[in-house]
Number of protein chains: 6
Amino acid sequence: MRPSGRQPDELRTIRLTRRFTKHAEGSVLVEFGDTRVLCTASVEESVPGFLRGKGRGWVTAEYGMLPRSTGSRMGREAARGKQQGRTVEIQRLIGRSLRAGIDMEALGERAVVIDCDVLQADGGTRTASITGGYVALADAMTTLMERGQLKRSPLHGQVASVSVGIYRGVPVLDLDYPEDSEAETDMNVVMNDAGAFIEVQGTAEGHAFRRDELDAMTTLAESGIAELIRHQREALEAS
Amino acid sequence: MRPSGRQPDELRTIRLTRRFTKHAEGSVLVEFGDTRVLCTASVEESVPGFLRGKGRGWVTAEYGMLPRSTGSRMGREAARGKQQGRTVEIQRLIGRSLRAGIDMEALGERAVVIDCDVLQADGGTRTASITGGYVALADAMTTLMERGQLKRSPLHGQVASVSVGIYRGVPVLDLDYPEDSEAETDMNVVMNDAGAFIEVQGTAEGHAFRRDELDAMTTLAESGIAELIRHQREALEAS
Amino acid sequence: MRPSGRQPDELRTIRLTRRFTKHAEGSVLVEFGDTRVLCTASVEESVPGFLRGKGRGWVTAEYGMLPRSTGSRMGREAARGKQQGRTVEIQRLIGRSLRAGIDMEALGERAVVIDCDVLQADGGTRTASITGGYVALADAMTTLMERGQLKRSPLHGQVASVSVGIYRGVPVLDLDYPEDSEAETDMNVVMNDAGAFIEVQGTAEGHAFRRDELDAMTTLAESGIAELIRHQREALEAS
Amino acid sequence: MRPSGRQPDELRTIRLTRRFTKHAEGSVLVEFGDTRVLCTASVEESVPGFLRGKGRGWVTAEYGMLPRSTGSRMGREAARGKQQGRTVEIQRLIGRSLRAGIDMEALGERAVVIDCDVLQADGGTRTASITGGYVALADAMTTLMERGQLKRSPLHGQVASVSVGIYRGVPVLDLDYPEDSEAETDMNVVMNDAGAFIEVQGTAEGHAFRRDELDAMTTLAESGIAELIRHQREALEAS
Amino acid sequence: MRPSGRQPDELRTIRLTRRFTKHAEGSVLVEFGDTRVLCTASVEESVPGFLRGKGRGWVTAEYGMLPRSTGSRMGREAARGKQQGRTVEIQRLIGRSLRAGIDMEALGERAVVIDCDVLQADGGTRTASITGGYVALADAMTTLMERGQLKRSPLHGQVASVSVGIYRGVPVLDLDYPEDSEAETDMNVVMNDAGAFIEVQGTAEGHAFRRDELDAMTTLAESGIAELIRHQREALEAS
Amino acid sequence: MRPSGRQPDELRTIRLTRRFTKHAEGSVLVEFGDTRVLCTASVEESVPGFLRGKGRGWVTAEYGMLPRSTGSRMGREAARGKQQGRTVEIQRLIGRSLRAGIDMEALGERAVVIDCDVLQADGGTRTASITGGYVALADAMTTLMERGQLKRSPLHGQVASVSVGIYRGVPVLDLDYPEDSEAETDMNVVMNDAGAFIEVQGTAEGHAFRRDELDAMTTLAESGIAELIRHQREALEAS
């Protein structure tokens, strides 16, 4: 039934390639099927003005799509001098989500910027960004511990994300682009490894969804994220 | 328990004042307690480029806060030359929500802009904007019918919105600013008059929320929106 | 002769509603007939860089029109990323005019921002803004005295403003939109309560005006402003 | 009494050098003493969108100061990405003033842009710009007639401008920078060769000015502009 | 002598990976040692305004660095709302260089945009961009021929680029970042496969360079580019 | 053969008028034939952030064209809110070139801004800007010495620039606009008075150039710059 032949509750092939580039404290290429996002974590020994002198750290995210990561070329945001509303929305979501997994006082007065740049898009770039961004953040924390700048990791839980939706009347997990562009409802869910919710964003595209559909999508997301949490753990345990 | 003395499932005093200003096709002052938003609906006999010649209409929204609608003055976005991320996010939400209540082919090749300008903020400005914006949109449709530009209303359902959250461990309805700034979780829900969901946006502020909390908040939103739908109907039925 | 049936030297109905919103140190809704402007005065305990450490204060103004305050919708300046030339001109005029009524050393090293947001436009928004902005400024000074931050008011005179023009060959006072859009000459005058001039800005729209017309308009403005000064005083004396 | 030793009613040395640069249809270097402004008039065979197809022309102006035209270097507006409020105000004034001297229907559907670039500033750059801009505009009209694009000149009157002010209690004509920075009141007046007023902009800098001071300044401007009109005529009559 | 142990006339390891992403008409990952740039060629069936209706095509380039492609994170240009001067300079160079290899009339009225996005920087990103961008352009032309939109390739020569410089007194080929940041002189050369020059840009960083040094660098560039031309040919001949 | 009748190795008439305006520490009108650029040098007693506290100075340049310095009017960059790529490229070149002639430690912690504003363009504005900018910089250094702010000049060499190109198959010196717009190759060369190269920027416009053409152009530039160096010296030796 799904264009890809997947089962309704089946994720795409997930790959998390650590140390994809050499400069960043954390650098992860995350792949959800054909969606490929390069997530880097950059540590800066200063915080934004509103936090200065408070002994607390900060995590923020920026998101971008390479102009030809998509089927038809999109204008380069740097050239137009403006980030689109969609971009702003997504990078705010990624930042909020990852901040939910870290203890800002344990991080200390430093900032981590998670850059999520989409090399190839095929649906689900924001959920891939959160899932891969968490791994980059974890690697950056390890780097700080190895350098002796942190005694213990300020992370207090894993964070991962997946999309769910109603596609041709059926709740499905991890929509790819052909599904996403046709789905009646699309919901992005962010959870931690304790099975609790960090963010739920559901939007009716075609027709409004009923309470039972909301519940079914939520349940599907719970199982998908549990699997992504395992993928993250395996990637981080590999040397 | 709540700073305002309200019950957990109690809305603030809701007021919908139609024809608040004289130029717009629809002009509504919506009040959720001390939150006051002026919503105007402006009809333009043209559509954005991507819709031209397709016989379909468009509804979009813009949102702004007067600089001193808040406790401390915010910089004017027009003077800074840029809308904030939060503004962009909110106006996209308002537009998407209201588009879910209207048949674009029945609207015909014209655009409606819903401007939501916050005169005074006390929490819940986006849910008030959607709820009041719908009434302004309905008035604009009536204006078009009175002018003979539309035979029948293209609206196929009412749209209203409310926030719910976990405040000091208890699920509460329609948070005001003192609650909002302290809540552990905040969720904005948009529904139609058939009891179906148009948008669900839940964010863990303090700690991640459990599935049972998500379910309790959703249920609370369902009852609150049903009441807002009645307020809208009464306002629209008044002459 | 005038579209509104007013006498040439007759003001529109003037209303000054204090405490229109609750957050600002001064908040006044000013109405010149159907023109309605919300003027708020916000006190900030710092001054622009060029004044720092000099023991002197500053008053500045910002002006905006809600997109549908006018007959046809104007683009939102925040969305276009730029204030129009007209906006810049008007807010500079409001700021200069109000600074003429206050002793900057007595104000001390703090800034007051007067925000003038037009809810409904029907001609004369800049003169209404100055007239209402003065009352908001006065309320903010009272607030500072009540809080014990100022011993005495730094205001040394009232400031009010009105437009005059040549409409169908006759000098008239306080033009509304139908007159303004047809007037041959339009002049905005700002004066203090000692009957002296703070600003005179006359523009020939249709044909250049003669010296005797200039003199007649000036005389008309003197009497109109005297009346506005009385309105301000009454509003401020009310509890 | 005046720093320059001039009489109260004495203009600075006025020079109008036509054909100062070779590309523009009109190119005039105007000097009011040490104030030097290059005014060019550029003809374009199209009009702004709001005038298209109406058979009428348009005249607009742009103003700029070279960064080191002043005593201390000002930031380059092109580099900052924004024109200052003062710049916008001045170029709107120049445009409005020159439009008052031309018949837009006789001009036909074409636009003239008057660029006024200040090479050296010593007070009165806006009045010099208007006075020199008129001569550049006149030369551009002659060019169009010589090319056979216009049968007769669409100009129906000369336009010139001068500043007047109250300096140390005395009304003076054509203020230079040392006077301008100390003057209690500054007024810019634009008139035509019929002795009628096009624009009057008076601002109290130090103290508000009385009606008799306003009248004295106006009278002084009348005589100064009459003299500038003669300078323009002589310059235009020279080959 | 060189930090990498290379001979003065030795290129870094060159890799050209075609079809690196799936959406673009041409997509090449170019590696000059640790410098990795993703070059995509996007074909659009329209041309910029100044070329419309002339039957000629256009090739343009855009360049960007991912924020953490470098040792310390650079601000994202899209977020700052402005491309840096260096970015503008580089993308103009890439565009000019690639236009020199193509017959615009044979291309027909369509545009090709070459996007060069630096994933990892280690010196020479602009020369890698030109060298890889040519291969992406060639693949895009093949795509157009396969689709039947072009009968024959409009390319009339290969284009490649390399940097040369004076490092510790010795002319060296293809500088990496440690060399580049210390070099006294840096020169970027673009040539075609006929051994002729398209662009020469030499800059003295430390001390001005003598004529004999200029000649030695030029000779070094000639041999390096000949080798890059072979790499391009081999990559394009592989299936 | 050349449109101007000049010999291939003949410069246009060169004029360097010092003290062209009165405010700047150095102010030079440079003329290369009909190309006229006003170069001012402004000294500021502070340096950009990245140099603060290091005891070293800085020289930077800004470039602009008056809108009607050219045959058809160009949009004003300040009004468009953006400098063009070409402008950015040129001002970076001017700044780099002049920095090569000055000892930053001897200059001390102060900045010099060289503003190059084109009053009339006829080809070669960037080379004229560098050549005239050097004279303005030298005058500014003299001003600092006269004021006792510098003991000795921090300049360690003269800097001048000229263009060379291939025009109708022949290498020519100092191209004017008719040549420049038709040239097959255009090269800008910057050298010092020791005959060494500071910058070489050659671009094939029509067809790629051979090594022997590159060598011939370089030789032509060497002789032209030697002559410009003499012009600078004579201008600076005049009182």
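Cβ coordinates come from backbone N, Cα and C, glycine included.
TrEMBL annotations:
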- C:10-140: domain 'Exoribonuclease phosphorolytic' (DOMAIN)
- C:Arg86, C:Gly124, C:Thr125, C:Arg126: phosphate binding site (BINDING)
- C:158-223: domain 'Exoribonuclease phosphorolytic' (DOMAIN)
For C:Arg126 (phosphate binding site): DSSP state (helix, strand, coil): helix
For the binding-site residues C:Arg86, C:Arg126, the one whose C-beta sees the most other C-beta atoms within 10 angstroms: C:Arg126
Predicted model, mean pLDDT over the domain 'Exoribonuclease phosphorolytic' (C:158-223): 96
Phosphate site span - longest C-alpha distance across C:Arg86, C:Gly124, C:Thr125, C:Arg126, in Å: 13
DSSP residue counts for the domain 'Exoribonuclease phosphorolytic' (C:158-223), split into helix, strand and coil: 17 helix, 30 strand, 19 coil
Intrachain C-beta neighbours of C:Gly124 (phosphate binding site), sequence separation six or more, cut-off 8 angstroms: C:Arg12, C:Phe32, C:Thr35, C:Val162, C:Ser163, C:Asp174, C:Leu175, C:Asp176, C:Asp180
Residues in the domain 'Exoribonuclease phosphorolytic' (C:10-140) grouped by DSSP into helix, strand and remaining coil: 42 helix, 41 strand, 48 coil
